[in-house]
Structure formats: structure tokens, C-alpha cells
Amino acid sequence: MIVEPKFRGFICTTSHPIGCKKNVENQIEYVKENGKIEGAKRVLVLGASTGYGLASAIVASEACDAEVLGVSFEREAKGKRTASAGWYNIESLKKFVEGEGKKFISVNGDAFSNEVKSEVIDLIKENMGKVDLVIYSLAAPKRKDPVSGEVYSSCLKTVGAPFTSKTLDFHTGEIQNITINPATEEEIEGTRKVMGGEDWMLWIEALKEANVLENGVKTIAYSYIGPEVTYPIYREGTIGRAKNDLEKTAGEITKVLKSLNGEGYISVNKALVTQASSAIPIVSLYISILYKVMKEKGTHEGCIEQIYRMFKELYEGNLNLDSENRIRIDDLEMAEDVQKAIEEIWPQITSENVFELSDAEDFKKEFFKLFGFGLEGVDYSEDVDITTV
């Protein structure tokens, strides 16, 4: 069938298999051009199908020549409904890696569940022995507590007071004012349960108990801080509370891994166009301005550039750590000259000048690329088989 983008709000409900494959190939090409990294050899990536998790799986496999086990929860094609972009991404990467004669194991299931943890541990024992790097990059709207069975939902709200600011509807290019209401205590706790560090710790404890962690193992979870203009909705909001919990967990994990000389890290990454960030009010406008400023300065990076740099710094003993022991790969975003330029543009921006003062057009293009649309070298008028890549 011919696949075109279809939308429900900020969610694209279709994905293009050949476009997703091309997107993965472009990232692989970047890694190959930039050379090998002497690092991890057996890697578990939790949340391996999109964004930073996908980039981590690609860098591990292609730069480090590591064996990779990737866990994700994606939708296969059914009837005339395409598979999710993440499903095509993982299939594309798996085919490519196996074509090179390397090992890539994929598990499609709920990483929050005990069942998937057990399945992954068995697969590590059978195929890899032990892992020396665990990447935690899960993003989900809900999580079922494996002990109590209670289902928790995450939400995107402020804490304490409502917050009004401007945001970008990137479909129309309109700048609108938006008010975000504060969360209840229950919503704050629900978001922490889904997006905090609890499940990361459960994974590390389960892997350690099963004796599948290598001596000197490292584990990294991804976070974001950003500038003050986004604080009320992000860092000081429900998501920020969950990220604080995630960051606190890194230190606790280092203690758990002490007997293995292991370490738990948080990597604070750059703001990028992802399925998650495009739905966050205010952040979409901030990213559009950020892209323009960083491109003009020649410092713009996407997921793959960020993660390649992080791996290189990690394994060459050159980590840029802050006072709280977090890896700062957001250093170029948070550079004083970049933030100053954004602060000057922010109050001036309107629906009339948004395309001149920001990279709103590119935000839209990058968003479409997440689902395999708008990539060079893909004929979108062709019939495609939606069940494979």
C-alpha cells in the first residue's frame, strides 16, 4: 500500500517502513564515518527503538562492535494499519547488524514487567554470558507495578501553581498562549512511579542477582534539565520530579554495584525533536529557536551525534561530569552564548515571524522523519509492504 502521514493531535498514527529504515541507515552511516570506540562488548538497551535508546543501540553495535540486546514495546503491522516507527527501526537495525555477521537480539514486550526481566536474563545467559553496559531509556505513559499490580499513569503538569506561556503548534506555525494546570499529589506520584528510578533499580537488582553483570559494569539513564524558560513545565513540573528521582537512583545503583566495581550514571542530554518532546507545550517552541541558534553557531547535534560523543567520552575516560556526578552532554545547548541568543529571541516571537526567528520548519521536518516521512532517497509514491523492512 501507499503510506502517508496521518495525525491524531500531536501523534502520527502511521509510519513508513522504508523511510524508517533510511533513518536508521543514516545514523549508522554517521557512526561509521566517525570511527570505532574501544568500549562496551555486550550491551543491554532498555527502550531501544526510538530516540536516544535507538542511538545507543546503534553506537554500541557499530562503533564498539558490541553484541546488543534491545528491549522495546512496539506495534506490528495489522491489516491496513502500519507498524509503529519503533518496530520498523528495530527490524532495520537487526537486519543490518546481522548482515554484518554481528549479534543483535530484540525483545518486544513490557520492560516494566517481571516476565520481560526474566526473559531478558535467560537470553543474556544463553547468548551473551554477562553484560558490561546497561542503557536505561524507557519512556511510557503507564507502568504496572510488578508487585502490587497497580497501574500508574504519568502526566505533564506543573507543581504548585498554574503556568502560562507561549507555545508553537508546529502543524500550523501558530504561536499560542497556553496554561498548564498543577498536578494533584496522586498525579505527581504516578509520574514518579512511571518515569522515576524505581524500575531502573529493579532491573539492576534483577540482573545482579542473576549474575549476568560483568565486573566493572556501567549503567546509564537519560535525563534533561534545560533552561529556566522551560522549568515550570519541565524541571519544576511533574516530569522534573520524576527525573529528580531517576537522578537520585544513579547514586543508589552505584552502591548496589560496588561489589562489581560498577557505576550508575545519569547523562543529561540535549533537547531534541522526539515523539515525547513534540507533545510538551513550550518545549516545542524552545527547541525550534534552539535549533536555529545552534545551527548558526555550527554546534547543533541530533540523537546519534549526542550518543556517539557520550560513548566516546565514557570509554576514553574524558567524561564531562558536573558537581552532582551527572554526565553533561547538554553542554553545547547550555553554553552561555546559545542561551543568551534564545533569551533575546523568545519575547519577540509571534505567529508572523516564527519561521524567520526560529527553525519551526525544521522542527516539523524532524518530527515527520521520526515516522519515516520526508527522508531523501525514498519514493513515497511507491507501494510498500508494511509488514517488513
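Cβ atoms are placed via backbone N, Cα and C, with glycine included.
Database features (Swiss-Prot):
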ACT_SITE  Y234  active site, proton donor
BINDING   47-52, 73-74, 110-111, 138-139, K243, 272-274  NAD(+) binding site
BINDING   Y224  substrate binding site
SITE      E74  site 'Plays an important role in discriminating NADH against NADPH'
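Around the residue listed as 'substrate binding site', the C-beta neighbours below 8 angstroms that are at least 6 residues distant in the chain are Y234, K243, V268, N269, A271, D330.
Classification of G51 (NAD(+) binding site) by DSSP places it within a helix. Around E74 (site 'Plays an important role in discriminating NADH against NADPH'), the same-chain residues at least 6 positions away in sequence with a Cβ under 8 Å from its Cβ are S49, A83, S84, G86, W87, I90, N108. In sequence order, F73, V116, K144 constitute the residues six or more apart from D110 (NAD(+) binding site) in its chain with CB-CB distances below 8 Å. Neighbour count (other Cβ atoms within 10 Å of the Cβ, all protein chains): 25 for V273 (NAD(+) binding site).
When each of the recorded positions F73, Y234 is scored by how many other Cβ atoms sit within 10 Å of its Cβ, F73 comes out lowest. The number of other Cβ atoms within 10 Å of the Cβ belonging to K243 (NAD(+) binding site), over all protein chains shown, comes to 25. Sequence-distant neighbours of G47 (NAD(+) binding site) (same chain, 6+ residues apart, CB-CB distance under 8 A): G53, V71, S72, A111, I135, Y136, S137, L138, A139.
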